[in-house]
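Listed in Swiss-Prot for this protein:
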type	residues	note
ACT_SITE	88	active site, electrophile
ACT_SITE	136	active site, proton acceptor
BINDING	7, 8, 9, 141, 174	substrate binding site
């Protein structure tokens, strides 16, 4: 199934009361798996939306205990959160932390969309078999040039690399229209990771529909 993760980041347009309004307007798609990644303080509202799947934007490899400021998988699961982004370009981690967090998540049945910025990282981390590898070149994030246009050959190679491990690939950075999505799918990607193109749009639902329908 085609997967779309919408990362709300800390954008004011989808924060606090705006988050509730944003999610309330989302349509249900029969052939698309839609996942929303809200700001951490909005995750407690996830239980109000039983028909929406939620990821955290980050998670740590700790459990319950004396871990000030950390985000435990167990705590997220108690709120109905089913997975998390990990190693996003705005929240990068070291290799040891990535490995330990992915392994802990797998033990608990918690999904991880592991973000990578290069083919080398895709090679290194696909062997961990996260739920998804999300390829986002840092220099294209938030821009108007899509990754499918700027780096099509790298997407194809990452799809091949991850395919040998059975890991689906999402692509992000600069995805703004249906043509960008179609190019990504033609290159073998199984979904997209989007943010500002939807969240900061004057009509987020229309923008989302333009990518999906």
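Each Cβ is built from the backbone N, Cα and C atoms, and glycine gets one as well.
In this structure, the CA atom of residue 174 (substrate binding site) is 15 Å away from the CA atom of the residue listed as 'active site, electrophile'. Inclusion criterion for the recorded positions 7, 8, 9, 88: a C-alpha placed within 10 angstroms of the C-alpha of the residue listed as 'active site, proton acceptor'; this criterion is met by 88. When the neighbouring Cβ atoms lying within 10 Å are counted for each of the recorded positions (9, 88), the highest count belongs to 88. Taking the binding-site residues 7, 8 in turn, the residue surrounded by the fewest other Cβ atoms inside 10 Å of its Cβ turns out to be 8. Cβ neighbour count for the residue listed as 'active site, proton acceptor': 22 (other Cβ atoms within 10 Å of its Cβ, all protein chains included). Here the Cβ of residue 174 (substrate binding site) has 23 other Cβ atoms within 10 Å, regardless of which shown protein chain they belong to.
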